[in-house]
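Asker: The structure follows.
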Amino acid sequence: MAQALADHYVRPHGEDEAELDLIVDGMHCAGCMNKIEKGLGALDGITYVRANLSTKRVAVRWQRRAHIPPITEKLSELGFEAVPYDPQIMGALDEEQGRDLLRATGVAGFAAANVMLLSVSVWSGLVSDMEVETRALFHWISALIALPAVAYAGQPFFKSAFKALRAGHTNMDVPISLAVILSAGMSLVQTITHAEHAYFDASVSLLFFLLIGRYLDVKARSKACSVAQNLLALRAVAANVIMPDGTISAVPVDRLDPGMKISVASGMRLPADGVVLEGVSDIDKSLVTGETVPETAAPGTKVFAGTMNLGAALTVRVTARNDETLLAEIVRLMEAAEQGRAGYVRLADRVSRYYAPAVHALAAATLLLWLALGAGWQTGLINAVAVLIITCPCALALAVPIVQVVATGRLLQRGILVKSSDGLEKLADIDTVFFDKTGTLTEGKPELCNREEILDADLSLAGALAARSKHPLSEAMTRAAAGMPLAEISDLQEHPGLGLSATWRGQEIRLGKKAFALEGLAEAENAQPAHSTNASEFWLSGHGAPCRFLFTDRLRPDAEAIVHALQARGLPVKLLSGDREEIVAATAKRLAITDWQGECTPQQKIAALKAAEADGKRVLMIGDGLNDAPCLKAAYVSMSPASAADISQTAADFIFQGQKLAPVLEAVRIARISRRLVLQNFGLSFAYNAVAIPLAVMGFVTPLIAAVAMSASSLSVIGNALRLNLTRFQER
Amino acid sequence: MEALLFLIPIALGLGLLGLVAFLWSLKTGQYDDLDGAAERILFEDDNEEAPEEPKEK
């Protein structure tokens, strides 16, 4: 591993060890895990190897005095691709948060179990012969367990509630914190005065239930995020920088500085914006602009990060980031887009905006009512607090996270990663779908489309020429010629930006751009295309009559079905593409999309989106390119395929894997079912409140009733959410 | 009633034992890789190569 890379990712561990985390692609089973741990463990100097099958990551430690062991080399020898991973940057926060929540859950669980043990004795003692002293003893023990537990395990809620209150609004955690603190506080007063009822059990079991919900929520999301991070990290992490002394060294992409010279090999993505210094090649810009036809790059050409070098190696000088580059422009647009989006308030918080003031008013009214009826202020206060305890939105707070956890798990099975916490809620609301074309509706890979016009002999010859080229059209040619006996050729040469040439039966044949293949031939003037073309083309010459190969970008296998299905569900579909007008028009026609726009700049895409939003539309944006990233960020909710540009995947709320578009439909379906379940859950918890609140106001609520009612409502909400697992997958 | 004097401490002690065990298992990272832990039990402890090729899932 190169020194510069190692410096970036290796951390010291203890006195004399160094540690590195790697993301290992393709580690799926116990066998792989075993192979990796034993293979790396056998290397010199390695002291510790631990593979994590859940996160597909491997932690390695070695003695720092020794030189760095050839870890990635050994892994590739074993058949695994590995890239270093920096836990400081990515997602370490979530893991820590998950652990804290789990620890709090453990403490709350311990307290809930033991306090409940004592409470049950007290409850049964109330109807039999328990003496007042024994009851007081039990209450005191409960207090000793419950008060520290509440103080520790309640912190996630207290902090969030405090933050909300300080910002001048309320959230679900405000009534929760209030109920927990008041029930613990009132119980303490009851215990000191040797009164009959203490609510310690309600206080800690509330916390226990809520912490379980919150932990599952964090866990599900951090799992989806870690999968997404692995996908991203497996992309280019290093750029090959040409040092002033002529040596090449691998440097992390984020350490590139303007003025550095980088070498970009064939088939690599450009790590930064720059200007070509040496070399001639074709650049595939489809991820960046949506354009399917590659562009020729020669010295002096500006090239952009994220585009792919298809031909010969290029030397590129990195230009300033704050320059008027495409990437800088896109980042600016994204930042602007994000600000416009921050206004969304989650469903649960929207409910709590009305819920919290309502229950607090109700508690105050209860106090006044009892005072007006001539009861002592103590009785009034106890009943008012009972109202607050019984209305603690336990079921309400569980209603959303439980459904989200189940839904996120379901979608993960289908290869859909839910990245944002409010993505599912928003997806259920959408009424319009915007698609990008290249790489989203299509596979972003060209395909031969005039096979019937071409003689087998021509195809076999072209296939032989194209076999070793990485140009996307050559690769498409190779795919088309697969299974055919290839012609025997010699002297194969690649002319960057032009095409290929070779010798076949003593004569030179050429395959490539029209100007190159038909150079100096009489046919060049006559061979006009028979019809206006919307495809990219290759010409073959030197063997007889020149022959033309046409290519189009192939649609994803189920693109047509999915677009129709979306339209059938009342979701109008619009096509926004950076590709040429006529190509976009043809694609739109094939998919029966009437609303389309071609040759869009990122600004125009955003403008189209804003126009739709101004009409009150809620838009789902699906795109993969760099040019879609601002739109993905600006849209109400967004999705991108796993093949998308890094920046787009970061911007999107959902990422779907695989060749098909079916996950889009599936995600919308699951999101809608989830919303229905969430609303049902709200209904359930309100129904329970409708029964419990009058009892509390009248002063009939004992700790036993509170415990039973709360547990029952929480369990019914959880049970309802689990019904999502019963709906079948929709096969397409 | 005297029974309570030792029964309650015993009950609480057992509960605490469970809590400490849980916190210890959390601290030692036993919840970090639930998928891997299920498979790890099948590994041979010695360092010899497995006689058969691992099966792909």
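Placed from the backbone N, Cα and C atoms, the Cβ positions cover glycine too.
TrEMBL entries are annotated by machine, without manual review.
Got these off TrEMBL a minute ago, pasting:
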- A:18-83: domain 'HMA' (DOMAIN)
- A:101-124: transmembrane segment (TRANSMEM)
- A:136-154: transmembrane segment (TRANSMEM)
- A:174-192: transmembrane segment (TRANSMEM)
- A:198-216: transmembrane segment (TRANSMEM)
- A:354-375: transmembrane segment (TRANSMEM)
- A:381-407: transmembrane segment (TRANSMEM)
- A:677-698: transmembrane segment (TRANSMEM)
- A:704-722: transmembrane segment (TRANSMEM)
Asker: Taking only the residues in the domain 'HMA' (A:18-83), give me the average pLDDT of this model.
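Answerer: Value for the domain 'HMA' (A:18-83), mean pLDDT as a whole number: 82.
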Asker: Are the transmembrane segment (A:354-375) and the transmembrane segment (A:677-698) near each other by the rule of at least 3 C-beta pairs under 8 angstroms (pairs 6 or more apart)?
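Answerer: Since 3 or more Cβ pairs under 8 Å link them, the transmembrane segment (A:677-698) and the transmembrane segment (A:354-375) do come into contact.
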Asker: Counting a contact as 3 or more Cβ pairs under 8 Å, with residues at least 6 apart in sequence, do the transmembrane segment (A:174-192) and the transmembrane segment (A:354-375) touch?
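Answerer: Contact between the transmembrane segment (A:354-375) and the transmembrane segment (A:174-192): present, because at least 3 Cβ pairs are under 8 Å.
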Asker: Most CB pairs under 8 Å with the transmembrane segment (A:381-407): which of A:101-124, A:136-154, A:198-216, A:354-375, A:704-722?
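Answerer: It is A:704-722 that shares the most Cβ pairs under 8 Å with the transmembrane segment (A:381-407).
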Asker: Ranking A:136-154, A:198-216, A:354-375 by the number of C-beta pairs under 8 Å to the transmembrane segment (A:101-124), which range is first?
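Answerer: Answer, by Cβ pair count: A:198-216.
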Asker: When secondary structure is assigned with DSSP, how many helix, strand and coil residues does the domain 'HMA' (A:18-83) contain?
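Answerer: In the domain 'HMA' (A:18-83), the DSSP-based counts are 20 helix, 25 strand, 21 coil.
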Asker: Same chain, outside the transmembrane segment (A:354-375) by at least 6, Cβ under 8 Å from its Cβ: which residues?
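Answerer: Sequence-distant neighbours of the transmembrane segment (A:354-375): 170-172, 174-175, 178, 381, 383-385, 387-388, 391, 393, 396, 693, 696-697, 699.
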